[in-house]
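Asker: Okay, handing you the structure first.
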Amino acid sequence: MYGVSLMDRKNVSNAYIAGMRVDLNLISTRYNLITLVFFITYTLFQPPMTVICRKIGPRIFLPGICLAWGIVIIGFGFSQNWSTLVGLRLVLGLLEAGFFPGCVYLLSTWYTRYEVARRYSCFYLIGSMASALSGILAYGLMQMEGVSGIRGWRWIFIMEGVITCAFAMIGYVFLVRFPDQEKEKPSFRFLSIDEATHIVNKISKDRGDVEAEPFHLGRFLKPAKDIEIWGFALIFCCTTTVTYGFSFFLPIILRENLGYSVAASQCLVAPPYVLAAILMYGMSWLGDKYRTRAPILIVNAIISVVGLAILGFAKNPGVQYFGIFIGVAGCNANIPGTMAYQANNIRGQWRRAFCSATLTGMGGIGGIAGSLIFRSQDAPGYIPGIIATMVANVITIVTACSLTMLFRARNKKADRGELIIEDLEEFRYTL
């Protein structure tokens, strides 16, 4: 379902080069506006959606919103003007607002602190690989041009919406609830009551927060005062600025900057994400093995900067495409890395829910930046956008270094008995 959510939010780029630009008269900044408005509702509604996910339970909530946005995507295929697309993208952002933070929150409740990075990487790499293949899928759907009198770019939306609805129904069958809920009544015999109890006990031993406290607005909002929460969110914002920039504009860059055909531009989107999948899992494995987070983020950001520099300033299209490989791999590897960094350094169910919402909410702001960063007037080189994404990676490096110094100082205070971290005497930050 996460794969189709990524596919659905970025398939406008596939439709754009498949004929939507001409049919809907997407002149000036209209395309940027269409991509941007998604993140307005996506960002604003994440905190309440996360609370609703906890209250209703992920098994009903996540497939339910997935089914709803699948229907919206089908509606994209019948849009007659660009303003209709703007309205539908706002609705899509509202519905998807609950999905990613809900998934991040759900995964963080099932695994201990040094198991979670590999799980996040598997979750994200499967999703991003499925999303990357959407370019090839879009190329195939383009071949339906004229079937039933419908343009090929419209079939991209219609068929991908149908696929989304199908995955939502499958998700309802196989998704599980939170561990404390599974202990009371396991879903579809996924775990026995004894097995669920073992999971609950393991999580309690690791960080002592498996049971949800009664909801209280003040308790839910209390983490907003903690600087490290916004540090995690800033890293995620800078990371998603780069990843969304690639998602929305990579087919266009391949077409306009590197000079590939429409068919090649659709298909050449996929290979860089294979390298990204390898890098993100390898880095997550190292992070779990050596119980470290910030150094992984710093290395990935450096890799991304190198790739972006090659893309921006090399002259040979083949070399530039190699730069895309490196740039895409580095920034995407930092998505699960940042989620694990945050998950390792917080405790408490509602604190975890708030932090998941702020992390992905700031990721939405990164999406707004990413949708504006490659401007049509900068074509075909898009040098200002490439420099901006390099700066975003540098901010990630500086923030990770700053948090490391802060956490090291607090850990030393806790070792001396001068500080209790996260209301648990044995708790120490993961650097």
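Each residue, glycine too, has its Cβ placed from N, Cα and C.
TrEMBL labels come from automatic prediction, so no person has curated them.
TrEMBL feature annotations, pasted as is:
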| type | residues | note |
| --- | --- | --- |
| DOMAIN | 1-411 | domain 'Major facilitator superfamily (MFS) profile' |
| TRANSMEM | 33-53 | transmembrane segment |
| TRANSMEM | 60-78 | transmembrane segment |
| TRANSMEM | 90-110 | transmembrane segment |
| TRANSMEM | 122-141 | transmembrane segment |
| TRANSMEM | 153-175 | transmembrane segment |
| TRANSMEM | 229-254 | transmembrane segment |
| TRANSMEM | 260-282 | transmembrane segment |
| TRANSMEM | 294-314 | transmembrane segment |
| TRANSMEM | 320-341 | transmembrane segment |
| TRANSMEM | 353-374 | transmembrane segment |
| TRANSMEM | 386-407 | transmembrane segment |
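Mind mapping these onto the model and telling me what they sit next to?
Answerer: Across the residues of the domain 'Major facilitator superfamily (MFS) profile' (1-411), the predicted structure has a mean pLDDT of 89.
Long-range Cβ contacts of the transmembrane segment (90-110) within its own chain (Cβ-Cβ under 8 Å, at least 6 residues beyond either end) map to 1-2, 5, 8-9, 37-46, 49-50, 52-54, 58, 61-62, 65-66, 68-69, 72-73, 116, 119-120, 123, 178-179, 199, 203, 210, 339, 343, 349, 352-353, 356-357, 359-361, 363-364.
Sequence-distant contacts of the transmembrane segment (122-141), counting only residues of its own chain at least 6 positions beyond either end whose CB sits under 8 Å from a CB of the stretch, comprise 2-7, 10-11, 14-15, 18, 103, 107, 152, 155-156, 159-160, 247, 251, 263, 265-270, 272-274, 276-277, 280-281, 332, 335-336, 339.
Residues 1, 4-5, 7-8, 11, 14-16, 18-20, 23, 58-60, 62-64, 66-67, 69-78, 134, 137-138, 141-142, 144-145, 147, 187-188 of the same chain lie 6 or more positions beyond the ends of the transmembrane segment (153-175) yet place their CB under 8 Å from a CB of it.
Within the chain carrying the transmembrane segment (229-254), a Cβ under 8 angstroms from the stretch's Cβ atoms is held by residues 6, 9-10, 12-14, 16-17, 35, 131, 135, 223, 260, 264-266, 268-269, 297, 304, 308, 311, 321, 324, 327-328, 331-332, 334-335, 338-339, 341-342, 345-346, 354-355, 358-367, 369-371, 373-374, 382, 385, 388-389, 392-393, 395-396, 399-400, 402-403, 406, all 6 or more beyond its ends.
Long-range contacts of the transmembrane segment (294-314) within the same chain: residues 235, 242, 253, 279, 283-284, 286-287, 320, 322-331, 333-334, 337-338, 341, 381-383, 386-387, 389-390, 393-394, 396-397, 400-401, 403-404, 431, each at least 6 residues beyond the stretch ends and with a Cβ under 8 Å from a Cβ of the stretch.
Counting same-chain residues at least six beyond the ends of the transmembrane segment (353-374), those with a Cβ under 8 angstroms from any Cβ of the stretch are 32, 35-36, 38-40, 42-43, 46-47, 49-51, 54, 93, 97, 100-102, 104-105, 108, 220-224, 229-230, 232-234, 236-249, 252-253, 338-339, 342, 346, 382, 385, 388-389, 392.
Residues of the same chain lying 6 or more positions beyond the ends of the transmembrane segment (386-407) and with a Cβ under 8 Å from any Cβ of it are 227-228, 231-232, 234-235, 238-239, 241-242, 245, 294, 297-298, 301-302, 304-305, 308-309, 311-312, 327, 330-331, 334, 341, 345, 366, 369, 373, 429-431.
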Asker: Please indicate, using numbers and ranges, the residues of the same chain that are 6 or more beyond the transmembrane segment (260-282) and have a C-beta under 8 Å from a C-beta there.
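Answerer: Cβ under 8 Å, 6 or more out: 14, 17-18, 118, 121-122, 124-125, 128-129, 131-136, 138-139, 142, 250-252, 254, 300, 303, 317, 321, 324-330, 332-333, 335-337.
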